[in-house]
Every structure is written in C-alpha cells, then in structure tokens.
Amino acid sequence: MFRFALFTLAIIVAKVSAADVQEEEGVLVLTKDNFDGVIADNEFVLVEFYAPWCGHCKALAPEYAKAATKLKEEEAPINLIKLAKVDATVESDLGEKFQVRGYPTLKFFRNGAPVEYSGGRQANDIVNWLKKKTGPPATELKDKDAALTFKEKEDVVVIGFFKDQESDSAKTFLKVATSMDDLPFGITSDSDVFADNKVDEDKVVLFKKFDEGRNDFEGEVNEENIKNFIAANRLPLVIEFTQESAQKVFGGEVKNHLLMFLKKEGNDDTLKSFETVAKDFKGKVLFIYLDTANEDNTRIMEFFGLKEEETPAVRLISLSEDMTKFKPEFTGVGADDVKQFVQDFIDGKLKPHLMSEEVPEDWDAKPVKVLVGKNFKEVALDQSKAVFVEFYAPWCGHCKQLAPIWDDLGKAYESNDKIVIAKMDSTANEVEEVKIQSFPTLKYFPAGSDEIIDYNGERTLEGFKKFLDSEGKDGAGAAEEEDEEEEEGEDDDEDDDAPRDEL
C-alpha cells in the first residue's frame with residue numbers, strides 16, 4: 001500500500017510540474033524537472049536548446065516567439081503544438097542527453113520521439129515546417145474563400161489543381177509537397193476555385209506577392225520538374241542578402257550566386273537593371289545584392305577581398321561542389337557587362353579567382369614562414385622539404401589560442417633544413433590545391449610526394465612533434481567537424497569546449 005501511495009504521489013507531482021511550466025512570450029521554459037512531463041503530456045513539442053551568449057540564438061528568439069503566437073491562432077490540431085526552450089548551459093544534462101553539439105539546436109518531439117528540425121529560422125518557416133510534420137502535405141482547399149485565405153496568408157504558396165486527386169499527377173504533386181517542408185502547399189478539385197484562378201485543366205501554380213505574381217507549371221509532370229519549377233520561381237528575381245534571407249539563399253536549389261555590392265539608398269535604377277538581367281538567368285543563377293552601408297555585410301566583403309571604395313561591384317560564387325569565386329575584369333555594375341559576365345560563367349569560359357596578398361619581404365625571416373597565394377606553390381609544394389601549414393583566420397578564437405604553440409613549433413624545427421613550419425591567412429589568400437572549410441585547418445605536405453595529409457591529433461607541441469617525427473603518420477586523418485569547425489564571428493572569449501554558435 002505504501003509503495004502504491006508513493007507511486008500515485010509521483011504521478012501527481014509529475015502532472016503538476018508539467019502543467020505548472022513557466023512561459024516566456026508563448027514559449028515554454030523547460031528544465032530537467034519538468035522536461036519529461038511536458039514531452040509526455042503533449043503530442044507535438046518543438047524544443048530549442050540554446051545558450052544565452054549565442055548570437056544566432058538571440059536572432060532566433062523573436063521569430064521563435066512569433067511562431068508560438070501564430071501556432072496558437074491556428075485551428076486544431078496545429079494550435080496544440082507547443083514551442084519550448086532549454087538553456088543548455090544550465091541544463092547541461094539535457095544537452096548531453098540529446099547530443100547538443102551547437103547552438104541553437106532544435107529538436108521536434110512527436111509522441112516523445114525526437115527528430116532534428118530542418119526548417120528555416122523565420123516564424124513562417126517554423127510554422128510551415130511544423131504543419132508539414134503534423135498534418136497532410138497539402139491543405140485541402142474546398143471553396144473559393146478557402147483558396148483566397150490560403151493565398152493571402154503567405155508570400156509564396158503552391159497550389160495543385162487536380163480534378164481527380166487520385167490521379168498519378170496529383171500523387172506526384174503530393175510527393176513533392178511532402179518533401180518540401182518550408183513552403184505551404186494546397187490542393188483543390190473544386191470547379192469554382194479552378195474558375196476563380198483562371199485554371200481550366202490540371203495544373204500546378206505558384207502564387208507569390210512579388211514580381212509577376214504567379215507562375216504556371218508547364219511540362220512533364222514528375223517530381224524533379226516540379227521541384228525545379230518551384231526553385232526557379234519561389235524567390236524574387238533580385239533578393240537582398242539579410243540574416244532573414246540567408247536560409248533561403250543558401251538552402252535553395254540554385255547554387256550559383258551573382259552578388260552585387262552597392263549602397264541600397266539612391267540606387268533604385270541600378271537594382272532595376274540588375275533585375276532585367278536576372279530574368280535571362282532565372283533558375284540558373286540567383287541574383288543577390290548586399291547593402292554596403294550595412295555593417296553586417298563587412299565580413300562578406302572581406303571574404304571576396306572587396307573594399308568599400310571598390311564598390312559598386314559584382315562577384316560570382318558557385319557552391320555546387322567546392323566553393324569557387326569568380327571576379328569580372330570590368331569595374332562597376334553596367335547591365336551589359338554583368339549579363340556577359342554571367343553568360344561566360346554559364347558557358348564555362350571563366351577562370352576561378354584566387355585572392356592573394358603580396359609576398360611580404362620578411363616572409364621567411366621568422367621560424368614560422370608566412371605564406372600567401374603568390375608563394376604557396378613555391379614553398380608548400382617544394383618536393384625537397386616536408387611542409388606543415390596552418391590555414392587560419394585573424395578573427396578565429398581557436399587560431400589565436402594555437403598561435404603561441406605554432407610559434408614554439410617553428411622554433412623547435414628552425415634548424416631543421418628538411419622541415420618547414422608555415423602559416424597562411426586564408427581570409428586573404430586562396431590556393432587551388434586546398435579548400436578551407438573551417439579554421440584552423442592544418443595540412444602536411446610530405447617531401448617527395450604530391451600527397452596532402454590532414455592533421456587530426458592533439459593541438460599541442462608534443463602532438464605536433466610526434467606527427468612530424470613520424471613523417472605525417474601519428475595524428476593523421478581528416479579533421480572531425482565537431483572539433484575543428486568555427487563559425488565566422490564566433491565569440492573569441494567563449495570556452496573552446498562549449499558547443500558552437502551555429503548558423
């Protein structure tokens with residue numbers, strides 16, 4: 001009896017703790033004491049694991065709160081979805097339990113089972129993703145009013161008009177809708193909805209509140225064609241790069257981006273001409289502009305080696321495989337020049353642009369040799385010597401911590417004429433042989449070989465010595481993303497062992 005009473009009391013306490021949960025702007029605040037109860041009591045819960053110091057978490061916070069409000073305004077069962085958050089710097093046990101490796105990390109719990117959240121970071125993106133995960137892939141539009149409300153609610157929607165929703169074309173459309181979490185899809189068989197939207201046969205139409213207003217799919221109905229059609233038309237012909245648009249830009253299917261750098265104010269005519277050129281490359285190249293008056297874009301300009309006095313200017317980047325940049329020979333942003341530049345890229349006539357500083361006069365005066373793009377091959381690929389190179393970024397906190405150890409390593413091998421210790425600022429220099437994904441990146445170029453070996457051992461003087469003395473064997477291996485990756489702009493004073501502040 002006593003055990004039964006304790007069991008009953010435990011259930012009561014759990015229910016009370018789950019019900020009596022603090023709420024901030026519609027978002028539940030979870031701790032180790034109420035987490036299990038909230039997850040158990042609710043079929044659908046999206047949980048954000050965050051850190052108070054995390055910049056991306058701070059940017060997400062207002063959008064997350066907006067999403068919570070939007071969900072409450074929806075009809076059942078969507079309005080039953082809960083949004084919650086966990087301060088993983090305080091609730092470290094929960095962070096470890098759910099393998100939180102970066103901030104923010106969002107996990108969606110359905111009947112207690114967690115899956116990774118893969119949607120965008122804007123309120124509408126969050127809501128649309130949750131609707132897809134908890135409801136049908138496409139909303140049934142039963143009459144004109146339902147269709148009109150559906151179109152008005154979002155900037156971009158896709159509607160399938162099918163007289164028979166059991167047809168092969170309708171099923172293909174629903175497969176596409178299922179696979180795309182970040183867009184609302186609707187489907188209708190209602191004749192009045194057909195007529196009201198000037199559709200007289202089965203068709204897929206993308207409606208949007210910009211540019212031409214709508215796009216009608218033409219061609220063979222298959223998943224790939226419909227996805228390509230949506231990718232080509234879902235974004236404006238010319239889109240401003242902002243924190244809000246970044247997810248759509250980088251997460252989209254179009255991986256070739258033409259970027260125009262200019263001051264937004266007073267350049268309406270230039271942007272109009274940019275839009276005219278963009279029409280010719282729709283679905284092939286995404287046209288983006290960055291306001292140089294916005295300090296948030298300074299790092300991006302540095303990435304392309306651009307100074308403000310060199311703007312307005314354009315650059316092209318391809319993200320298809322390796323990140324490859326292209327620089328035009330002309331200056332300015334004339335429409336004809338821009339059009340020819342993009343066409344030459346499409347035709348494969350352009351050579352990648354690799355940045356390089358000038359070779360410093362004293363590049364080899366110290367134990368650690370200074371490499372730039374212009375002297376990299378001469379030094380790193382010298383077959384008579386083994387060369388160990390640190391590829392770094394001046395803003396990188398981990399690189400700053402490594403610097404004194406790297407200097408000591410240079411001193412340790414200063415008298416060894418067969419081993420060279422070197423470093424290269426990869427924010428200002430690029431080389432064809434090495435693609436840098438994170439900082440610091442450490443690579444070893446053995447003597448008498450064309451091989452390039454990644455270092456993945458301890459970042460200690462002793463670890464580096466063992467690696468060099470074993471001719472690149474002890475500590476070799478591709479670096480693990482979790483250990484090596486550092487986002488540009490990460491706070492330098494944060495604990496290295498803390499999960500990363502991620503995009």
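Numbering starts at 1 and runs along the chain as it is shown here.
Backbone N, Cα and C atoms are what each Cβ position is placed from, and that goes for glycine too.
In TrEMBL, annotation is done automatically, which means it is predicted and not curated.
As annotated by TrEMBL, signal peptide applies to 1-18.
Per TrEMBL, domain 'Thioredoxin' is recorded for 10-135 (among others). In the predicted model, the domain 'Thioredoxin' (10-135) has a mean pLDDT of 88.
Mapped onto three states, the DSSP output places Cys54 (disulfide bond) in coil. Annotation comment: TrEMBL describes Cys54-Cys57 (among others) as disulfide bond.
The domain 'Thioredoxin' feature in TrEMBL is assigned to 329-473 (among others).
Residues or ranges marked as disulfide bond by TrEMBL: Cys396-Cys399 (among others). When Cβ atoms from all protein chains are considered, those within 10 Å of Cys396 (disulfide bond) total 20, not counting its own.
The region 'Disordered' annotation in TrEMBL covers 469-503.
For 479-503, the entry in TrEMBL reads compositional bias 'Acidic residues'.
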Integer Cα-Cα distance in angstrom, Cys399 (disulfide bond) to Cys54 (disulfide bond): 20
Collapsed DSSP category at Cys396 (disulfide bond): coil
All-chain count of other Cβ atoms within 10 Å of Cys54 (disulfide bond): 24
